[in-house]
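Undergrad: Below you'll find the structure I mean.
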Amino acid sequence: MSSLISQSCLPVCSPFRYRALTFILTFLLYTSFHLSRKPISIVKSELHKNCSAVSEAAIIASSSSQQPSLLSLHTDVDCGWKPFDKSNYKQLLGAMDYSFLCAYAIGMYLSGIIGERLPIRLYLTVGMLASGVFTCLFGLGYIYNIHNLSFYIFVQVANGLVQTAGWPSVVTCIGNWFGKGRRGLIMGLWNSHTSVGNILGSLIAGYWVSSNWGMSFIVPGLIIIIMGVVCFLFLIERVSCFSKRTHSLLKECLLSNEMNPVVVVKSESEPSAISFMGALRIPGVVEFSLCLLFAKLVSYTFLFWLPLYITKAAHLDAKKAGDLSTLFDVGGIVGMCCLCVLVCPSGPSASLFRMLLVCGGLVNGPYALITTAVSADLGTHKSLKGNARALSTVTAIIDGTGSVGAALGPLLAGLLSAGGWDQVFYMLMTADFLALLVRPLTCII
């Protein structure tokens, strides 16, 4: 395999500033990915409003012969956005989540393989630009008064597929610049971009959700498009650092060849990208993938359904529910704890604020470590014998399997919530218990 080294790339590099640039830039890039995913959970309470109070008023009005106009007033009140204003709205909203997450899970397995064989900067840029377009397209459904369920399903599926370019790419970039020595600490801090993106997405979506929920998607979509341009201009996947002797030899070669100012340096011993089955044979990949499946099931159920749960259970408006749900993500920033003590609230109470912070830390902590530091370590496992071209594929396999759980969680929540929210929390506790059972298997490896 060959690489082109231009004269502008020849000076001996200073790794620290490139590491700092890569850390900050990839942090902001993936923040924008999660920022664009969050609005759907905030807008759900606007797609189907809480009309229980309207129904009660209509019943009272119907029993009073002296106020016939009040009955017509309340029966004409709009209780949601078609087609989500029907009684089966939970199933429809769950199907919309499932469409995005199922497409994301399937696409993730392919994304890692593609990412190993294409320039990461270009691959990531295209994914961000496409994701921004589809996010804006969902918001345009409000602007152009679109009530076709197929339209929203299509946008969710397309967005789920293109967003798979993000995670393997940014993890590979950060893994290229930071060795195993401090990888756990560095990636633990770096992975807070997930919660930061969710918080910013909640705040942005909540600002417009009651007045114009289309802007709750259009603004995040424009942000990720802008960040895609920034990625194309500034992202550096890897800088080859040469010794002074190698640098001087290459420079002399360049200067002596005025007609061709580019030197082609061939590396015959560079290993090829690992296959899918080869990545599965790396010790620990299957076990951590299964653990992440259950952990991500819980995390994404909260991500997509927590604002609606708060709205319906506590009778808050959509914006307040979105602001309250950010506590879960705030807890995720500082929470690097274990799954074994996770306890979730069964209903709204005065302790809900504290419980959301605790749940955020306990759920997102293991999820964050598995998708970052653990994936990077497995992608450079000693069994690969120095082949570093497995990082993107391993990351995609682990996160893709986790995304299967992320697809199942919101879908099950939509089905189970019809019988009461308690059933949803029993499902979440069961998933955490299963993750705890799978986790010890990885300690034997």
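Every residue, even glycine, has its Cβ placed from backbone N, Cα and C.
Annotated transmembrane segment per TrEMBL: 16-35, 92-114, 120-144, 189-209, 215-236, 285-306, 326-344, 356-376, in sequence order. Under the heading domain 'Major facilitator superfamily (MFS) profile', TrEMBL lists 25-445.
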Undergrad: Across the domain 'Major facilitator superfamily (MFS) profile' (25-445), what does the mean pLDDT come to, as a whole number?
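TA: Here the predicted model's pLDDT, averaged over the domain 'Major facilitator superfamily (MFS) profile' (25-445), is 75.
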Undergrad: Test of understanding: applying the rule of at least three C-beta pairs under 8 Å (pairs 6 or more apart in sequence), is the transmembrane segment (189-209) touching the transmembrane segment (356-376)?
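TA: Counting Cβ pairs under 8 Å (6 or more apart in sequence), the transmembrane segment (356-376) reaches the transmembrane segment (189-209), since there are 3 or more.
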Undergrad: Using a cut-off of under 8 Å between C-beta atoms, tell me which stretch among 16-35, 189-209, 215-236 contacts the transmembrane segment (120-144) the most.
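TA: Ranking 16-35, 189-209, 215-236 by Cβ pairs under 8 Å to the transmembrane segment (120-144) puts 215-236 first.
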Undergrad: Who are the chain neighbours of the transmembrane segment (215-236) in space, where the CB to CB distance is under 8 Å and they lie at least 6 residues beyond its ends?
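TA: The answer is 18, 21-22, 25-26, 28-29, 32-33, 35-36, 38-40, 42-43, 120-122, 124-129, 131-140, 143, 173, 201, 204-209.
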